[in-house]
């Protein structure tokens, strides 16, 4: 689950009106607000656009969360919110130091175990993807799988998030809330899972193809995976954090895709989100990778040249403004003395 950075503006319902004016099976233009009819039409392929249901329901207080057995160890933010759901809870995550893990320690073993479990959950979630399956049923299965392994689903109650994983379909870039819409032939879906196990978070995601996806959709997913690999290749002890964004920029810049700058990777361990922040576009973020640093790389790629997003009335779901599709891929990276280990691969 990525870090929303910087914060996005309030929901922009005009975008929903614009998107709803398109045919459900459509060729869209970019950007959504451009009134210049002479602008070149971008063919993003054939797929169904995801939009908030009407009438709009604000927030997520109406969504019933899944229960977690009392013996499961929870992260601090979940303890604060369990049982009540309150907007007055302080969700600030406290962290200190540079977040580095002592290599060879018990903490490293626990971190690796959390990452391995997250990988297994991601693979299990992917096995459930097929036409006709709802994202809500995927979330229920993921929730039960995590609980059965004596872990806590980290997204649940994080800043009030009401589900146990994020499911982002087609034009949804990130933080999609599982619901009762059945997946359809031709969809693409990112499933982002995070587990809290033995005091450490493990975080990973992948975008899956649902049935027969058109060529532009397959190309988007393939390029997203390539962007993630390029970012990983830029990692190693003594290498700059901003080299990750530079590497991703170089592999994407001559394609028909763009990188969404609204979401960043993040340091991870005993805390869900903490520095170092990992930007996936060109940036001047200071700092170098040192042995023991653990962080996520999770680029979101968007079709076309407009990576702008808007937030649904639920306060979480981030969609492209012009309804272009998006894909995301994520791994956890541990910097070692001699190189890098991809913990969720």
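Cβ atoms here come from the backbone N, Cα and C positions, even for glycine.
Automated prediction, rather than curation, is the source of TrEMBL annotations.
Quick look at what TrEMBL lists:
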type	residues	note
DOMAIN	110-337	domain 'Peptidase M24'
BINDING	175, 273	substrate binding site
BINDING	192, 203, 330	divalent metal cation 1 binding site
BINDING	203, 266, 298, 330	divalent metal cation 2 binding site
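When other Cβ atoms within 10 Å of the Cβ of residue 330 (divalent metal cation 1 binding site) are tallied across all protein chains shown, the result is 26. With the fewest other C-beta atoms within 10 Å around its C-beta, 192 stands out among the binding-site residues 192, 298. Residue 273 (substrate binding site) sits 6 Å from residue 266 (divalent metal cation 2 binding site), taking the Cα positions as reference. A straight line from the CA of residue 175 (substrate binding site) to the CA of residue 266 (divalent metal cation 2 binding site) spans 15 Å.
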